[in-house]
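Quick one: the structure is below, questions incoming.
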């Protein structure tokens, strides 16, 4: 094999699995269920699927076509289309770099939780005991053990983004491991990536399926699923619903980073990307819906358990305050007894009235969470109540790892491929160059393992990539449709696939998708201006709760 | 305060005078350990259906009440024995005002997670080293081969590597006569 020849995927299946592994990531698991719940449950599927056809599939197909046609990474591909547009590719590379910096920290957390699952009692199940051995640690007592484990033991979080503590050595070790594994996966470019994606793309589905079976057999799971899927159609009148659906489709498919261009550039010239684009987009959305089913079964389980625990505590309170026989008040009759006792012994009841909690299943279900809170706090809380929690914990965190690493593969490839097209980098061996990139990202990523690391992570996650990606993809689609020309693009595709794209694709590329992207961009800018200074949620150590702080940045 | 049904469920025994007698006897035992063999008197009052009651302890010879702290200390010492006499635990047999001393958490010398981490890290590093060595060996072998076939390299290959390959001109190849 001469040095100049471009490596290829061993077969089209590898490419397909690589795209699936890249697109199906953590966002499918922790963002979509939240959106579904916020915007009316089953009804949200309507705007979601509509946006999939209006912008998701066309833009995905577009990026794949460019990559396969130009056979270069994003910088080279855009420069080949027009020398003035190299910046588009460069923007993609820089955004991918940002993502690589902070995304692997999630994998580090997953590793941390995974390794801590190999104990007889899960460390987030109970509060650790304080030094006097009189009771649980105070901070843990005011919050829940799962929150304590995440904020204190995993992150050792400070109160605000300005207070940078020390590097958490456990976290740093896990981050090192995450990068070492990433390096192993990309060490020989797509030759190694191609083999890895067989596993990273398929195993999460195995785990999701197992969790589905486990989830629906859990006590109270049906409450969650019912709650989620009851459509609240009035939400469809809210424009935020449509905007969120469009944004979710856009980011979920991973457009604009250049990863798709990079992956497709290693394809055989005649690879049928039209079919693959449709399949991957459908699988991506299908996985979101599937994952939200599982998530809501778990939610329902957790909410029901919390509700029943609350009732149990109330029952004990009543028994102890009024010295009733143990079996007189059962869990089902707690509310009746409250009524009865309130009327018969009003003074005595007043004494305990402030200790009485309001046990409400609806409000438990209403605690919709997204993001790392869902993945690491809510899910681990649900897992600790399951029988044989270590097994479920290990399975779950391996799934999170595979989802995260799969997306990392795409993003790292998006950096390495375009840079390797330049003569400077191609003089070095693949292994050395990849190693340098990984080392660079590791060193910068150590900043996220400090005490304020989670806040930096939130800042990067919420504000780092969104605007750039919208602009990049908008320019991409306008370029291809109007500057390069739809006619020329059509001919290129005919050259590659043997048939022209039909009217649906052309209308989407030339009209609908750019319009939608402009709408998204405008709404993002409006939100940004109206929102004032960016805010982030901080762990307040005195109140032991999460509150919003305005960022000084 | 006892929560028998919570603790034992189906196997719960009924609380009657016999059980109360056992309680008084157990507590007397606990006090005896404090006072070295002199049995004190346990007086119980205010029994309720919850199965909760107040009790006081008197000194063995006179009828003065024993201090609360002394009783607490005695109970704390023999808590385990008292609990097992009734097949209950610290949470189901509550002495209001005497918090249970919690067991020291087991702290292994190396945290478990570090062990698993070490295993995984070792495996991954081994994998990387293997891959690097294999590719180095392959490259050396190829270099030895190409040193022998340098004459075989055609001009065409050289031209393709030096120029920039423009896709749009690829159709022209068909017009070139095949050699």
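Here the Cβ of each residue, glycine as well, is placed from N, Cα and C on the backbone.
Note that TrEMBL annotation is computational and uncurated.
Since we're looking at a predicted model, the values are computed, not measured.
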Where TrEMBL shows A:23, A:24, A:28, A:252, A:403, A:407 binding Na(+), which of A:223, A:284, A:366 is named for the same site?
A:284
Match it up for me: which of A:278-299, A:300-321 does TrEMBL list as transmembrane segment?
A:278-299
Which range is it, out of A:12-32, A:117-137, that shows up in TrEMBL as transmembrane segment?
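The listed stretch tagged transmembrane segment in TrEMBL is A:12-32.
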Transmembrane segment per TrEMBL: which of the ranges A:167-186, A:327-346 is that?
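Based on what TrEMBL states, transmembrane segment spans A:167-186.
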So, does the transmembrane segment (A:463-486) come close enough to the transmembrane segment (A:198-222) to give 3+ Cβ pairs below 8 Å, pairs being at least 6 apart in sequence?
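Stretch pair does not touch.
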Within 8 Å of the centroid of the Cβ atoms of A:23, A:24, A:28, A:252, A:284, A:403, A:407, which other residues of that chain place their own Cβ, given that this set defines the recorded Na(+) site?
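For the Na(+) site the neighbour list reads A:20, A:22, A:25, A:26, A:27, A:253, A:254, A:287, A:288, A:406.
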Is the transmembrane segment (A:507-526) in contact with the transmembrane segment (A:44-62), using three or more Cβ pairs under 8 angstroms as the rule and ignoring pairs under 6 apart in sequence?
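Yes, the transmembrane segment (A:44-62) contacts the transmembrane segment (A:507-526).
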Who are the long-range neighbours of the transmembrane segment (A:242-266) in its own chain, taking Cβ under 8 Å and residues 6 or more past its ends?
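Sequence-remote neighbours of the transmembrane segment (A:242-266) are 6-9, 15, 18-19, 22-23, 25, 27-28, 31-32, 35, 38-39, 44, 47-48, 50-52, 54-56, 59-60, 63-68, 70-74, 77, 89, 92-93, 95-96, 99, 190, 236, 273, 280-281, 284-285, 288, 407, 410-411, 413-414, 416-418, 465-466, 468-470, 472-473, 476, 516-517, 519-520, 523.
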Sort out for me which stretch, of A:167-186, A:278-299, A:507-526, has the most Cβ pairs below 8 angstroms to the transmembrane segment (A:394-420).
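Out of the listed stretches, A:167-186 contacts the transmembrane segment (A:394-420) most.
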For the binding-site residues A:23, A:24, A:403, work out the Cβ neighbour count at 10 Å and name the residue with the minimum.
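Result for the binding-site residues A:23, A:24, A:403: minimum number of other Cβ atoms within 10 Å at A:23.
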So, three-state DSSP: helix, strand or coil for residue A:407 (Na(+) binding site)?
helix
